[in-house]
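So that you can see what the record holds, here are the features copied from Swiss-Prot:
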type	residues	note
ACT_SITE	E268	active site, proton acceptor
ACT_SITE	H283	active site, proton acceptor
ACT_SITE	C854	active site, for EPSP synthase activity
ACT_SITE	H1199	active site, proton acceptor
ACT_SITE	K1228	active site, schiff-base intermediate with substrate
BINDING	43-45, 78-81, 109-111, D114, 134-135, K156, 174-177, N185	NAD(+) binding site
BINDING	R125, D141, K147, N157, 189-192, K258, 272-276, H279, H295, K364	7-phospho-2-dehydro-3-deoxy-D-arabino-heptonate binding site
BINDING	E189, H279, H295	Zn(2+) binding site
BINDING	G896, M897, R898, A899, A900, G901, K902, S903	ATP binding site
REGION	1-392	region '3-dehydroquinate synthase'
REGION	891-1081	region 'Shikimate kinase'
REGION	1082-1294	region '3-dehydroquinase'
REGION	1307-1589	region 'Shikimate dehydrogenase'
Amino acid sequence: MVKFEKVPILGKESIHVGYDIHTDMVQTIINDCRSSTYVVVNDTNLSKVPYCQDFVQELRSSLPEGSRLLQYAVKPGEANKTRSTKADIEDYLLSKGCTRDTVIIAIGGGIIGDMVGFVAATFMRGVRVVQVPTSLLAMVDSSIGGKTAVDTPLGKNFIGAFWQPQFVLVDVKWLETLPRREFINGMAEVIKTACIWNGLEFERLESNAELFLRVVNGSKVIKVNGLSTGEVNDIHYTNIEAMLEHTFKLVLESIKVKAEVVSSDERESSLRNLLNFGHSVGHAYEAILTPQALHGECVSIGMIKEAELSRYLGILSPTQVSRLTKILAAYGLPISPEEKWFKDLTLQKKTPLDVLLQKMSIDKKNDGSKKKVVILESIGKCYGKSAHYVNDEDLKFVLTDETLVYPFSNIPQEQAKTIVPPGSKSISNRALILAALGKGTCKIKNLLHSDDTKHMLTAVQELKGASITWEDNGETVVLEGHGGETLTASADPLYLGNAGTASRFLTTLAALVNSSSKQDYVVLTGNARMQQRPIGPLVDSLRTNGTKIDYLKSEGSLPLKIYTSTPFKGGRIELAATVSSQYVSSVLMCAPYAENPVTLALVGGKPISQLYVDMTIKMMEKFGIKVEVSTTEPYTYHIPKGQYTNPPEYIIESDASSATYPLAFAAMTGTTVTVPNIGYESLQGDARFAIEVLRPMGCKVEQTANSTTVTGPPTGSLRPLKHVDMEPMTDAFLTASVVAAVAHDNDTDSANVTTIEGIANQRVKECNRIEAMSTELAKFGVATKELPDGIQIHGINSLDLLQLPSNSTGPIGIESYDDHRVAMSLSLLAGMVNYSKSHPAADIKPVRILERRCTGKTWPGWWDVLHTELGAHLDGAEPLGYLSGKKTKRSVVLIGMRAAGKSTLGRWCSQILGYELCDLDVLFEKQYAKGTVKDFVAEHGWDKFREAEANLFKETVEQYGDGGYVFSAGGGLVENEVSREHLKKYASDGGVVLHLHRDIEETIVFLQSDPTRPAYMEEIRDVWERREKWYNECSNFAFLAPHCSNEKEFQHLRKSFANYITAITGNREVQVPNKRSAFVCLTFGDLTEKASVLPSIVRGCDAVELRVDHLAKYDSQFVSKQLSTLRTATNDLPIVFTLRTKKQGGKFPDEDYTGMARLFDVALKACVEYIDLELTLPIDVQYKVSNTKGYTKIIGSHHDFGAKYPWKDPEWENRYNQALSLDVDVIKFVGTATKFEDNLALERFREEHKSKPLIAINMGEIGKISRVLNPILTPITSEHLPNSSAPGQLTLAQINKIFASMGGITSKKFFVVGNPVSHSRSPVLHNTGYKLNGLPHHFDRFETDSAQVVKETLLDGEPSLGGLAVTIPLKLDIMKYMNQLTDAARVIGAMNTVIPLGNHHFKGDNTDWIGIKHSLTSNGVPEKVSNVAGLVIGAGGTSRAAIYSLHNLGCHRIFVINRTVSKSIELRDSFPQEYNVVAAETTQQIDHLNEHIGIAVSCVPADKDLDTELLAKLERFLHKGKHNSFVPTLLEAAYKPDVTPVMKLAHDKYQWQVVPGRELLVHQGVAQFEIWTGAKAPFQEIFNAVTRD
């Protein structure tokens, strides 16, 4: 049991720390803070915690006579840490007669402590306060030191005071109920205080991380009974007692640090700002990522960034950064904003560099605009006594993963530097394996602290191979080996990142591992690249020797499952070693522990990298095992059985491969660099680099047994190396390549060629390094040629010829391929660009290196050395994608079965997006050049075709993925695993992979009659069933294309597909309504049976809800068909996809999370406009949907069917905060009204919660009024539905009538004005809409030919005027009375709509053009056309609206014909030039046109015959009617007769589709209706009413 401790602060022992000390806390308050009134303030969540209830009860029962206890609960969450909440508390205190002797007890986390402390500081000019912190963060940070504050809209903690509490009573028992994430969040501050002040405590924290995480991860939710209410509540429970000593100690030590610092600097003038380590950067991240990211999580990232800054400035060692990184990760905290789990948690939010710097600029530590950061000197010690000024350039560097390298021309040639590279990766990994297998304690010094060795150390610990501790402030690893006796299978897979060395060494080591009681295998896995790298020869060898190993994914690569029940037998082992020497070293090191002595024979030719094999043998000898080289067989070794004996100390040589970079820097810049611990006695082959590569190229090289010094020749005078065999030092070829790029001689015949060979293994390293260097050197203007086992580099003749990497759009980045050696070598070449050019500093363009952090694999501090020690000018850079701000034209890949519609929809897709269409089968046939796909299959077989098809797809999508193409792929592309990987990668990188599918029965019927394609070798249904899962896993979108049997159905499909494709490509965004709106709820089992009635059901709605849980079947194909049916039947009304679970009032099984995830995936691929996401679902389900939502909006919903939670209950506040943290787009709360006052409480809740659009309603008869008052997306029913989906639902008309009766909708009067208007259909049109929608308005006629009369009588004289429809002769005359004109009215030059703006101001509009457009688009013309010309017949007023409309549709040219040619010319000249209006003057002119006319609008009188000349022109144009994506369409502007002569001619003689003028009449009136009322018009009912006679 831990003891009770008191910690002094500011000269008083006022901080008490213990476990289960509530009695001591009560006595301290009663005895040392005597008062007539004690006030406990906590949040409503804490009121549910039994320990809080016990504490308050004990305090109440212990009160002395004459004292009273009050308790006040505030709403939880940062959103309530406001001046308003503070005022509420103060009003409560005043109402209860609290005076100056009041003692306030703040029980809670930092929010409560900060706010209640501020109340105490100001109430009655200051009253006493006792802090009782309940969160880890509050215990160790916010409760200590007297800082108090509330938030403001402009920032957190901007208003507050220093007010020291009487006591801080810290009982770690509170932590039992702290949620897991909050617990881990608090550890950031604990680690921070140890990091800046207490190195010993940091070490203790390091050694207890595993225990902490195990206990905290075991946190669970339990049910407890409330003492006062009897309610059963869910709370978190963590078994603190399982780590009590550690928890108590970490809290106590952290408090001691803060107390000591505060005592020295209470008001944060100097020393106290050291406590802000990690906060300068952390607060900037928090400002962007809140509320998804917690304070401690952001501070954790901030600590890493600020530590990296310290390292970058040459103050902090890389080892110390590594220790900090490890401990934060070990306690479950993020170490980078790019970690996948953290990105998912923060919903993929971006953290732009300029925003981070701007947020940092308002840090309280700053001096004006100068930023200050706490600099760490070592673990446990800060650099100086306060924060330091830092410049933006250095900050930008550490904040980004892209770096700008400026020319090295600032570096003086006489510069001489000594650089010590980190420990050798090769030696470090070997030493760890040998020491883990060895017996005894070994102190390993100069170990490389990198990703590779981190994975190796973790694996050794997971396999229980050794005990690992640290000395010398983390610089020395102390490894106590157990002689291989304790090796045990780990429960979890060993993740090795991209650590190739670790993966190969551990593969053989795993064969020595013992089975545990629960597991008899070890799984090795890694990242995506690691899962492509070869390990086959080693696995083959071990399998042959008796070890059972399974490939879990791809043959020949990780992940591997290595069975521990099959022993490593030993004896003769044959191994192919032409790919990697690491296979050899892996077997060599483990061979002494085989059952029998090992004879290792390397077969298949000369082994690669023999020197690394020699290195392993020498190191084995140091650990006590001597390997004998066979004298009778080449490349054969005899290894005896035995056990390694660990030497007391082993010093790792610096990495010779890494040493090549500073030495090459000297060579290229003409400076001098010494590497003091690598010479000719080195174990590493790369130590030869200076002698064998740099010296022949013109450098002065001095090498001793243990040091190497290089002095470069004058800059620009390096010589090519005609030929070098780099087989002994293959990793150094990249460095040699960049040196060769700037090498030239005076021999005109040599072409400055440097030939490097012996490096074939470099193709299977972290990337294909030979290809990577060839690709990236080309960006600098350096030519190369790949050789079978090497590369030729054609050096440039002058440094001036070295190019800045760029393309037609500007500078581009240098790719690193996630390869440390690629990045480091190319950083040297980058500094030589513009080296000798004299430009003003502002004009010098740097070279951008991408993924700079990949150097962490072997030299995390490389950039620090390049900048701080070698003097290079570096800067950080925002990723180019952030900077452009442009939408890229990401190509669309169509996949799916034959006959799924890829050809037709592919053509439509290309036209809608303006992309190029490319059929991959056609492209294949072009490249094959010997016939069709069918011919290729006949000659080579399907497997060869699939292989060739995969290569073609990879090359095509890599080259043209951003080029704006629609790629139509063959149905079987997904049959090939390589193709599937490329498809998935393209989708994950932001490309569109669209699966087109249709009913399989229809597909079978079609395919059985298609002779043009190679025949399936099996049943079509079997093919579909095999491929279906592949189509699903490879695609990120899916569209079901129903079979179309007539032109009308094709029109519906095309329109639906156009809406879909523009949505998934980001060209059409879902707009959440900001006005009164509604959606109808559908609960049918099968919509296909109700398709005919759906248009009536959704009348007047802004969206339609599909209750998927009510469907007859939940299979994906069925649900997809329902969505397709709904889209078609409702004219693509936005869909709300709702999967309501049983406990939230629906029918879907509560625990079927797999089925739920599958159906949400269907919805997201279908790009539904809204997904209803229940806030009670598991967090992983919620985050999966939130992180993959794409362009879909999320409605976060919560329902209370049992009337369990009044609107004041914290349940709603907690759910609201949860919805905010999920960053949903709309919040939907549904309560149940048991009394009318519940509706008033709901409205108060709505008024106080405006951060997000909120749907809030009460169910039941009493709650109907809440549906009327709800402002957006109100769920409604319809008179055409058999029943409503929820109790109390109303129709849209009912809602509007009730709302109008309450004064919510003011009755308006509307008129049609002009002369004559007696036969106008406008009153019928509008009044029908008002009646059906339940609106209180009335539309009438006002006949006059005087605009003046309209102004006096209606514009000035009618107070309830809602709008005017204007007809002849007033369309021009009334314009002078308008205060504003829309663009349409201005360009057309006439108006037909008056819109009141208030205060006797009016806007003039013209909806004729909308009527024209909607008449066309509702009959199959796309919303946007491409390569289509339009025709307008006539030159009157309607013709102007027609031209405006055709231009809006996208017609690239608009022809006008008219009886009087001069009128056509006059019309043409009145429009802007970009409209491209052409007056067709003669028939001969038309004959010579090479245009296809797709759309025509007839604006000539329908009651007169066309004159001969006009008719001749019209017929010529109609003859040119053609468009391959829609039927040529003519709209008649005249309302009567139903069929005009122009319509008859176009339809009967030229097969045009014709649209009667009544559609134009209704569409333009409906546009007016929606402008005036803001409501959706019931189009079909209005159309029927208008055209009835």
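Each residue, glycine too, has its Cβ placed from N, Cα and C.
On the structure: features taken from Swiss-Prot.
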residue: E78; record: NAD(+) binding site; Cβ neighbours (10 Å): 15
residue: R125; record: 7-phospho-2-dehydro-3-deoxy-D-arabino-heptonate binding site; Cβ neighbours (10 Å): 7
residue: S135; record: NAD(+) binding site; Cβ neighbours (10 Å): 25
residue: N185; record: NAD(+) binding site; Cβ neighbours (10 Å): 24
residue: H279; record: Zn(2+) binding site; Cβ neighbours (10 Å): 25
residue: H283; record: active site, proton acceptor; Cβ neighbours (10 Å): 22
residue: R898; record: ATP binding site; Cβ neighbours (10 Å): 18
residue: A900; record: ATP binding site; Cβ neighbours (10 Å): 24
residue: G901; record: ATP binding site; Cβ neighbours (10 Å): 23
residue: S903; record: ATP binding site; Cβ neighbours (10 Å): 15
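Ranking 891-1081, 1082-1294, 1307-1589 by CB pairs under 8 A with the region '3-dehydroquinate synthase' (1-392) puts 1082-1294 at the top. Here the candidates are the binding-site residues S135, H279, G896, R898, K902. The one whose C-alpha lies nearest to that of R272 (7-phospho-2-dehydro-3-deoxy-D-arabino-heptonate binding site) is H279. Each residue contributes its Cα atom, and for K902 (ATP binding site) and the residue listed as 'active site, schiff-base intermediate with substrate' those atoms are 39 Å apart. A 10 Å radius around the C-alpha of H1199 (active site, proton acceptor) takes in these recorded positions out of K81, L175, N185, C854, A899, K1228, in sequence order: K1228.
Cα of the residue listed as 'active site, schiff-base intermediate with substrate' to Cα of K81 (NAD(+) binding site): a distance of 24 Å. Nearest in space to E189 (Zn(2+) binding site), taking C-alpha to C-alpha distance over the recorded positions S135, H283, H295, A899, is H295.
A899 (ATP binding site) carries neither a helix nor a strand DSSP state and counts as coil. Within 10 Å of the Cβ of H1199 (active site, proton acceptor) there are 21 other Cβ atoms, across all protein chains. Residue density at K1228 (active site, schiff-base intermediate with substrate): 26 other Cβ atoms are found within 10 A of its Cβ, drawing on all protein chains shown. When the C-alpha distances from K81 (NAD(+) binding site) to the recorded positions R125, N157, E268, H295, G896 are tabulated, the minimum falls on N157. With respect to H279 (Zn(2+) binding site), the closest of these binding-site residues in Cα terms is H295, chosen from S135, N157, L175, H295, A899. Around I111 (NAD(+) binding site), taking its Cβ as the centre, 23 other Cβ atoms fall within 10 Å, counting all chains. With respect to L175 (NAD(+) binding site), the closest of these binding-site residues in Cα terms is L275, chosen from R125, L275, R898, A899, S903. For the binding-site residues I191, A899, the greatest number of Cβ atoms within 10 Å around a candidate Cβ is found at I191. The binding-site residues examined here are R272, H295, K902; by Cβ neighbour count within 10 Å, the least packed of them is R272. For the residue listed as 'active site, for EPSP synthase activity', the nearest neighbour among the listed binding-site residues (H295, A899, G901), judged by C-alpha distance, is H295.
The two recorded residues L275 (7-phospho-2-dehydro-3-deoxy-D-arabino-heptonate binding site) and E268 (active site, proton acceptor) have their Cα atoms spaced 9 Å from each other. In this structure the C-alpha atoms belonging to S903 (ATP binding site) and D43 (NAD(+) binding site) are separated by 61 Å. Regional average pLDDT for the region '3-dehydroquinate synthase' (1-392) in the model is 93. Taking a C-beta cut-off of under 8 Å and a sequence gap of six or more, G896 (ATP binding site) has these contacts in its own chain: K902, G971, H995, L996, H997, Y1031. Each of the recorded positions D43, N157, E189, E268, C854 was scored by other CB atoms within 10 A of its CB, and the lowest score goes to N157. The shortest Cα-Cα distance between N157 (7-phospho-2-dehydro-3-deoxy-D-arabino-heptonate binding site) and any of the binding-site residues I111, M897, G901 is the one to I111.
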